[in-house]
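Trainee: I'd like to ask some things about the structure below.
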Amino acid sequence: MKAIVFAYHDIGCAGLKALTDAGYDIQAVFTHTDDPGENNFFSSVARVGAELELPVYAPEDVNHPLWIERIREMQPDIIFSFYYRNMLSEELLSLAPKGGFNLHGSLLPHYRGRAPVNWALVNGETETGATLHKMVKRPDAGDIVGQHKVAIAANDTALTLHKKVLEAAQALLKEQLPKLKNGTASFTRQNEAEASYFGRRTAADGEILWHKSAQEINNLVRAVTEPYPGAFSYLGQRKLIVWRARVLDTRHDKQPGTVLSTSPLIIACGEGALEIVAGQNDVGLYVQGSRLAQEMGIVTDVRLAAKPNAVMKRRTRVLILGVNGFIGNHLTERLLRDDRYDIYGLDIGSDAISRFLGNPRFHFVEGDISIHSEWIEYHIKKCDVILPLVAIATPIEYTRNPLRVFELDFEENLKIVRDCVKYNKRIIFPSTSEVYGMCDDKEFDEDHSRLIVGPINKQRWIYSVSKQLLDRVIWAYGAKEGLKFTLFRPFNWMGPRLDNLDAARIGSSRAITQLILNLVEGSPIKLMDGGAQKRCFTDINDGIEALFRIIENRDGLCDGQIVNIGNPTNEASIRELAEMLLESFNNHPLRDRFPPFAGFKDVESSSYYGKGYQDVEHRTPSIKNARRLLDWQPTIAMQQTVADTLDYFLRTTVQEGDGA
């Protein structure tokens, strides 16, 4: 059986040898050139390939059409990936009739993604292993061929655990490769409910947070000790690296990071204490903890902590256009909870942000983006991060006022994009789940899903294509002129202050606000085409936390990226949303202040939205980018979001009525 192999690291070497032993005909080996900035403690795939007299390549992009064509000419039957660091495209995988198979260093579906051995130690796991699975579009998500478990000992480090996983991988391959070859392998689908995903780790992730427990800190030390860069902290401006540590059940009343003893060197933690058994300063030698204390002049009661800034860092200035809107006012609230940000905002109203007007870090001007262009350009020049949140985003307006949608959503926002290019400012642009249109993928993927819209006479798509065109323009400015950007795509965010009931009265609101208006006024709940359309509803607090992390942009991971922000587990039809809302309404303490429920009424969408409307049956996001780039996962159940949103509107309605 002819095989193409993508491999790196010790496990890549083990994979090559196992395939050779199993009688596979290896046509070519693809690997990576070694990074001179990395401690290459592992064996060389290139060297093993040469010893086996195999052709070895190390292209920068194996998914490039030229390489795909070369691999096609090799006519592989099967493809293997053993710790190869890049994703293989669907087109490449399709070249092998038997498919592609990857060896992963965890017990999938747990610890998908990068550095699974290190992450397992960081999180204090007691078991991991090796998994051989089929490769699919989503990383580490294909059917499992086989697994071998490995026990994690209390004294295991990343290196010792890696060696255990390597032995498990060798045994697993010896067991399963013959079965794949003769067609007797069995496959088990992964349980998505148990899946977890972890992103890449960098040296900066080794910083010790002393408010954590001694056990958690020791787990970090074990995960990043030699041959990795090590866990570290600071004594003033001087860096201290911890190579080995011991957890102590010591009670104390000191602040975390305080030195309790210098011989042995013991540090107070949020819970318990940590003895530094061995370490070094950043220009010294590997020494015992007590010797390290002597070398660095560490004395009892001093505190280890993060490296202090030499000068006070200026707050990041964030410009929010459309600050009074649903996303804008919730984002302002989140930013003001963090002292690192000053917010500058513009909008045509201030009812939703009135609670912030007395805050010295919030600067607001009432105005229209189509008129106040000079003010906007000045503040783009002045600020660091720009969020143009002004848009018409209610479905009925797409058919009722298509030209106004285009003028505001595209033309006015294009001016802002160009000012960001002009002044070299970072823009975080609100794309939309609408850009996916009638995409037929099960999950909408930022990097691979097709963007499919309807015919020209269906004017509802003018919003989608206006946003999509801006996405493409921003992407092009990034590629050609260095614009720093992130595109985020909200999937049906809900919560308090979403639209208002006056907007719902003229049909210019999102679904849940329209449904709440029906309940408040005692009118029938209108379900367009029976309400069978499914959406994934996302709590505003979950969404804003993801957006906040995009603004933070740790290690620049979000630069040039597109990020879906949605909750795939909160999928429901509009009818199910209405039924959930009705149940919450009937159980609300203010229920008796409102009319009786008038029932459900099925309505044709064309009669409500107009002839140019066209709906979509489902819209489910892939959130792999959000998990990978933001370390973000939605947590709030839809029932809670519905209850919170309803409560806000009911209490607001009663207060306004009592005030009148």
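Using the three backbone atoms N, Cα and C, a Cβ is placed for every residue, glycine included.
So Swiss-Prot lists these for the protein:
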- 1-304: region 'Formyltransferase ArnAFT' (REGION)
- ASN102: site 'Transition state stabilizer' (SITE)
- ARG114, VAL136, LYS137, ARG138, PRO139, ASP140: (6R)-10-formyltetrahydrofolate binding site (BINDING)
- ASP140: site 'Raises pKa of active site His' (SITE)
- ASP347, ASP368, ILE369: NAD(+) binding site (BINDING)
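Describe the structural context of each listed feature in the structure shown, including burial, neighbouring residues and relevant distances.
Mentor: For the region 'Formyltransferase ArnAFT' (1-304), the mean pLDDT of the prediction comes to 94.
On its own chain, ASN102 (site 'Transition state stabilizer') has PHE80, SER81, PHE82, LEU132, HIS133, LYS134, MET135, ASP140, GLY142 as residues at least 6 apart in sequence with a Cβ closer than 8 Å to its own Cβ.
In the three-state DSSP assignment, the secondary structure recorded for PRO139 ((6R)-10-formyltetrahydrofolate binding site) is coil. A C-beta separation below 8 Å, combined with a sequence spacing of at least six in one chain, links PRO139 ((6R)-10-formyltetrahydrofolate binding site) to MET87, ARG112, GLY113, TYR197, LYS624.
Spatially close to ILE369 (NAD(+) binding site) yet at least six residues away along the chain are LEU321, GLY322, LEU346, ILE376, PRO388, VAL390, LEU408, GLU412, ILE416, judged by Cβ distances under 8 angstroms.
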Trainee: Using an 8 Å cut-off from the Cβ centroid of ASP347, ASP368, ILE369, can you name the remaining same-chain residues around the NAD(+) site, in sequence order?
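Mentor: My list of surrounding residues reads LEU321, GLY322, LEU346, ILE348, GLY367, SER370, ILE371, HIS372, VAL390.
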Trainee: Using DSSP reduced to three states, classify ASP347 (NAD(+) binding site) as helix, strand or coil.
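Mentor: SS state of ASP347 (NAD(+) binding site) = strand.
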Trainee: Out of ASP140, ASP347, ASP368, which of the binding-site residues is least crowded by other Cβ atoms within 10 Å?
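Mentor: Among the binding-site residues ASP140, ASP347, ASP368, the lowest count of other Cβ atoms within 10 Å belongs to ASP368.
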Trainee: To the nearest whole angstrom, state the Cα distance for the pair ARG138 ((6R)-10-formyltetrahydrofolate binding site) and ASP347 (NAD(+) binding site).
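Mentor: Cα of ARG138 ((6R)-10-formyltetrahydrofolate binding site) to Cα of ASP347 (NAD(+) binding site) measures 40 Å after rounding.
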Trainee: Starting from the Cβ of ARG114 ((6R)-10-formyltetrahydrofolate binding site), draw a 10 Å sphere and report how many other Cβ atoms land inside it.
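Mentor: Other Cβ atoms found within 10 Å: 16.
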Trainee: Can you give me the Cα-Cα distance between VAL136 ((6R)-10-formyltetrahydrofolate binding site) and ASP368 (NAD(+) binding site) in Å, rounded to a whole number?
Mentor: 48
